[in-house]
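Asker: What follows is a single structure, and I will ask about it in a moment.
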Amino acid sequence: MVIRQEQETPLIGAGNEYGQKPNGVEIARDERGHNPNGLLEAPEQLHGHLQPSRSKLYAVIALFIISLISFVSQTELTSYLYKSLDFNQPVLLLVMTHSSWILIWPLQVLSIMLYKHVRRCRKFGLHYLDSVHIKRNFAESFKNQHRNIFKTSTVLKPTALISPSSTKEFIQSEPIKFLTVRVFILSIILNVAGLTWYVSMQWSPASDITAIYNCSAFTALVFAIPILNEKFTYTKLFSVLLAVFGVFCVAFGGDDEDSRKVFPQRVLGDIIITFGAILYGLYEVLYKRLMCPPVDSVSSRRLMSFSNFCASLIGLATFSIGWIFILVADITGISKFRFITSLYSLWIIWLSVVSNLVFSLSFLGLMSLTSPVLSSVSSLVTILFVGLFEWLVFGVSINLGQLLGNLLVVVGFVVLSYSYWKEITEEDVDDTEEIDPTDIETLT
């Protein structure tokens, strides 16, 4: 049965947020329990608050695969920049990369707006370029994206405001200002940790950087116990330690004379990236603590959308203060600023930034849906793929110790995934109350 919404959909702040009748009369249902008027119902009127866990499991698997591919891509592109193109501006690359996060949520909003418009036009036989329908459909989707973000943010910071009536009111609302302060703190920790990654890339091989930086899985577990009240189990400890041990087998199992000649300051680079691994583990746990609503209060769809919004806020914070990092690095001589004149270098930088954009989007979504400890250990699997890529493409040899290390990382990840299996596959929260009004005509 197809339900069409005949009346004009109330926009955000119109005082009719769930499409309830103004007189407060209970919405009638037919013999099948459906709403024949096509009105969006309030949460308390919804049936079946929980949905099957399969959608959440699929989302976790998809995000995991995407994060693997994008991280390997970013690592190799950045390594190529430093070693083959003589690019030596790590601070500039850091600011460019993290500032690009500002595009994540606007791109999401734009893609949803286009999707809703095209689908609605196909459904009712409307012309795609009709300015009236474009304006109406885009306005509805735009306002409902803001509404959903606002509703999710109120889980972290309750407010008396039911729904903002304008973009200005949305920005000035208490929950959004509350998020902005937290994002600023997180962006500082993230950027300092990220800076160690870009600086050490000049002095250590990519396999070392990938291995040691991903040891943030262990520090994430250490921080998660007191900060997130993470339940300590020997299974989790064993799996994390096993993965970390495998990491060191990979990082130092291939230490030979040729490696020392190519990277004479390898020890210094490894020390710097170790400090970054500690900071990144802290960032992951604080992000989960400060920016993620409880998984049992918000659907996985809204959690991923909210994580994209938070990522854009981090990008905005980085863009606002990034010039200070560049200025200080230039004055102190850590990284002299130079204009990039090579179009080929700009192309590789752009690919690296896009790879990080995709990785960040998938990783934050994965961290929102699961645990920062599991997310960190899952990223350790990238070590195997980085090693394989360098072996196949650049001829970098992999010895028995490194193969054993990769195997230990994979085993550690599998064991940890088993310990978190209940959390990964738990039933998802039904978000029917957050359906975009442009979806109503397709409800059955």
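Indices start at 1 and increase along the chain as displayed.
Even glycines carry a Cβ here, placed using N, Cα and C.
Predicted automatically and left uncurated, TrEMBL annotations should be read as such.
Just lifted these from TrEMBL, have a look:
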TRANSMEM  57-73  transmembrane segment
TRANSMEM  93-115  transmembrane segment
TRANSMEM  178-199  transmembrane segment
TRANSMEM  211-228  transmembrane segment
TRANSMEM  237-254  transmembrane segment
TRANSMEM  266-286  transmembrane segment
TRANSMEM  306-326  transmembrane segment
TRANSMEM  346-366  transmembrane segment
TRANSMEM  373-394  transmembrane segment
TRANSMEM  400-421  transmembrane segment
Asker: Applying the under-8 angstroms CB criterion, which one of 57-73, 178-199, 266-286, 346-366, 373-394 scores highest with the transmembrane segment (93-115)?
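Answerer: By the under-8 Å Cβ criterion, the transmembrane segment (93-115) pairs most with 346-366.
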Asker: Does the transmembrane segment (346-366) reach the transmembrane segment (57-73) with at least 3 CB pairs under 8 A, where each pair is 6 or more residues apart?
Answerer: yes
Asker: Tell me, please, if the transmembrane segment (266-286) and the transmembrane segment (211-228) are in contact, taking contact as 3+ Cβ pairs under 8 Å between residues separated by 6 or more positions?
Answerer: yes
Asker: Please determine whether the transmembrane segment (373-394) and the transmembrane segment (178-199) are in contact (criterion: at least three Cβ-Cβ distances under 8 Å, sequence separation 6 or more).
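Answerer: Stretch pair does not touch.
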